[in-house]
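First the structure, in the form of structure tokens, and then the observations on it.
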Amino acid sequence: MTDTQITAKPPTQRNQQIGLFIILCFGFSWSIAALLWRTGGLASPFGPTLIFVYMWGPAFAALLCTWLFDRNRWQQALGFTSWPRWSWVLAIAVAVILVAGSTMISLLGPEVSWVGLQAGFAQVLAEQGVSKDKLPMPLEQLVWLQIGIGLPVGILINGVLLLSEELGWRGWLYDRWRVLGFWRGNLAIGFVWGVWHAPIIAMGHNYPGQPVSGIFLMIGFCLLLAPIIGWFREVGRSVFAASIFHGSINALAGIGLMVIAIPDMPWRGLVGIGGFVMLAIVCAILWALRRRQIARL
């Protein structure tokens, strides 16, 4: 089956395949969420492991749907169509700008203040019950070691691990919904992506203490982030570019929260007001750039 055949596929047949993908994806992940809830939620000793398994729902659905419908074009269906490109470096740079910008905006909040990396790192260690006296080196050196080595490694690891999501969202589903055009297709993916997070958001992930409003905030966040990740999927010509950007966002977001005091909603870094503003600005830039490209045609 060629890309032209995918585009020409009757909408009813395409929608049925997308419907099956969503059922498989949500069924897998939400079943894990039910198990997580039954075992004590995010604070459970099994929490990190179950969250990790939860994240594989999109990949599970994508791989199964590819086997059912796209065996002859699996590389195109999953986005395995290009290897390292300049867009990978740009993806990391844009992630840095988004997190830095959202952190700066968060500092405008009442009682929110800058504490810096060293104090923020010390706070994290204290919360984990680790004494400064037991560190293998001075705290300042450890912080810079984490930034210089730990952060790049974290971005790489996150980029690989987030193929668990991106094989579904910017892999198989992107391939099916790109016929809708850039904005409609990516916003549709963003909505499904946001709803998919609902069970773990209700349990306190990203928006602790906001089990209902947090779900709507997450949907809004995903709607704003989806076109940006979709753009990297488009210019990078592969799911890997999208995964690198997504992984960079996840690796950097924690640092953004670490350097500010009282990072509570609505000033919660990337997932708060600052993040929404920065994502909206980047989306506006993308809209202007794409409109300019169309005008030149």
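Cβ atoms are placed via backbone N, Cα and C, with glycine included.
Feature annotation from TrEMBL assigns transmembrane segment to 18-37 (among others).
Non-local neighbours of the transmembrane segment (49-69) in the same chain are 1, 17, 20-22, 24-30, 32-33, 35-36, 39, 42, 77-78, 161-169, 171-173, 196, 200, 205; each lies 6+ residues outside the stretch with a CB under 8 Å from one of its CB atoms. Here TrEMBL flags 49-69 (among others) as transmembrane segment.
If you look up TrEMBL, you'll see 89-108 (among others) marked as transmembrane segment. For the transmembrane segment (89-108), same-chain residues at least 6 beyond its ends with a Cβ under 8 Å from one of its own Cβ atoms are 114, 155, 228, 232, 236, 241, 244-245, 248-249, 252-253, 255-256, 259-260, 263, 267-270, 272-275, 277-279, 281-282.
The transmembrane segment annotation in TrEMBL covers 143-164 (among others). For the transmembrane segment (143-164), the residues of the chain that approach it from at least six positions outside its boundaries are 55-56, 58-59, 92, 117-118, 121, 137, 239-240, 243-244, 246-248, 250-252, 255, judged by C-beta separation under 8 angstroms.
For 156-252, the entry in TrEMBL reads domain 'CAAX prenyl protease 2/Lysostaphin resistance protein A-like'. Across the domain 'CAAX prenyl protease 2/Lysostaphin resistance protein A-like' (156-252), the model assigns an average pLDDT of 95.
Residues or ranges marked as transmembrane segment by TrEMBL: 185-205 (among others).
Positions annotated as transmembrane segment by TrEMBL: 211-232 (among others).
Beyond the ends of the transmembrane segment (239-263), by six or more residues, the same chain brings 78-80, 82-83, 85, 87-88, 91-92, 94-96, 98-100, 102-103, 106-107, 111-117, 120-121, 123-124, 151, 154-163, 165-167, 169-171, 174, 225, 228-230, 232-233, 269-272 to within a C-beta distance below 8 angstroms of the stretch. Annotation comment: TrEMBL describes 239-263 (among others) as transmembrane segment.
According to TrEMBL, the transmembrane segment annotation covers 269-289 (among others). Here the transmembrane segment (269-289) has long-range neighbours at 94, 97-99, 101-106, 109, 183, 206-207, 217-218, 220-221, 224-225, 227-228, 231, 249, 253, 256-257, 260, 263, meaning same-chain residues at least 6 beyond its ends whose C-beta is under 8 angstroms from one of its own.
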